[in-house]
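Down below is the structure, laid out as structure tokens.
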Amino acid sequence: MDELLLQDPEVGKAIILEIERQTGKLELIASENFVSAAVRQAQGSVLTHKYAEGYPGKRYYGGCEFVDIAENIAIERARTIFGCEYANVQPHSGSQANMGVYFACLKPGDTILGMNLSHGGHLTHGSPVNFSGRLFNVVFYGVEKETGRIDYEQVAALAREHKPSLIVAGASAYPRTIDFARFRAIADEVGAKLMVDMAHIAGLVAAGYHPSPVQHAHYTTTTTHKTLRGPRGGMILSTEDNGKTLNSQIFPGIQGGPLMHVIAAKAVAFGEALRPAFKEYQKQVVDNAAALAGVLTAAGFDLVSGGTDNHLMLVDLTSKDVTGKDAEIALDKAGITVNKNTVPFETRSPFVTSGVRLGTPALTTRGMKAAEMEKVGGWIVDAIANTTNETRLAEISREVERFARQFPLFAW
């Protein structure tokens, strides 16, 4: 940081402030995590200098023999982790991985059956404000009002009625195990392809703590951060027979040069995911989520679906007469970072919401376990009970900071 602070103190100070925020606060945003020093070193390496349009062994630039090594390592490790024939590690994000799949198997105007964003889906699963909702005809399924779980009967009925070309499974705010085999059976019945977006649960899948979609889906996409604990980026997994088309849709279809420094960092993270400690880490993520959910439930909070099977929980604050926006602000003042989130059958604007989403990957990476979740849960309950009590929120913030600074950002 010395050289950066000397050359550009404005940017350098912003980074230092962010280090302080991450170190002194509790990160409970379910889609965020902390990476190892090795991953950061790969991402900050001289590979950022290199243009490498194309794929290993078939580039449009010279001098790619060493970045080819890095990309091939990433591909082979991804295939080993997830037991698949094909992996494309070039997508810059999960959204671009999804776009690559859509362009590989759909034409503009084709029908997609995806999960409603307010029920836990994702923007790229057909939201009208996203490219997926602009280019394609989208039909949405959701969760059952009584259980908060995916309504598979509704999925099947909508599939039979609308005959989608593609069914999209996967979510950004769904706390329960997804039945990928059932989705595939529905897709086969109506002649649709199945894409699973496992961005949130990829790390759990890699470690065996969530059933894998790879054997059921025609296409599987993911981010490489979140529970997979790598750099921010995307990836597509499939069978070898889909490889040529998928490759061409990523490059030259929607991207130019791949980010070779990020791909190298992906390779490092995938190497970490193949180690025994990664499986232990993922178990702790799930155990911590269950412990935190237990604290909140005992305090009278309503969790969508009644709990969690994975790394996240969705807290419906309707009965507490607190909006998601107000809860997010109060928790931030208390040193706890979350995001406001819509809940199924939402009545408020997405800028206000009735819920917050909480996740345990980042705190688990710092070395926290179930005992620490008891403390964290207590602070969450206290802060939400005192959203307008600035004095108490400041007191909680001081307690949180003293606690948080006992843990490194990366303990695994």
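Glycine residues also receive a Cβ, built from the backbone N, Cα and C atoms like all the rest.
Sequence-distant neighbours of Leu123 ((6S)-5,6,7,8-tetrahydrofolate binding site) (same chain, six or more apart, CB under 8 Å from its CB) are Ser95, Leu117, Val129, Asn130, Ser132, listed in sequence order. Taken from Swiss-Prot, the feature (6S)-5,6,7,8-tetrahydrofolate binding site applies to Leu117, Gly121, His122, Leu123, Ser349, Pro350, Phe351.
The Cβ of His225 (site 'Plays an important role in substrate specificity') lies under 8 Å from the Cβ of Ser31, Glu32, Asn33, Val35, Pro231, Arg232, Gly233, each of these being in the same chain and 6 or more residues away along the sequence. Under DSSP, His225 (site 'Plays an important role in substrate specificity') is assigned to coil, being neither helix nor strand in the three-state scheme. Swiss-Prot lists His225 with the feature site 'Plays an important role in substrate specificity', giving sequence analysis as the kind of evidence.
The feature N6-(pyridoxal phosphate)lysine is assigned by Swiss-Prot to Lys226, with sequence analysis given as support.
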Residue pair Ser349 ((6S)-5,6,7,8-tetrahydrofolate binding site), Lys226 (N6-(pyridoxal phosphate)lysine) - Cα distance, angstrom, rounded: 26
Extent of the (6S)-5,6,7,8-tetrahydrofolate binding site in Å [max Cα distance among Leu117, Gly121, His122, Leu123, Ser349, Pro350, Phe351]: 17
Winner by Cβ contact number (other Cβ atoms within 10 Å) across the recorded positions Leu117, His122, Lys226, Phe351: Lys226
Neighbour count (Cβ, 10 Å) for Pro350 ((6S)-5,6,7,8-tetrahydrofolate binding site): 14
His122 ((6S)-5,6,7,8-tetrahydrofolate binding site) and Lys226 (N6-(pyridoxal phosphate)lysine), distance between Cα atoms, whole Å: 15
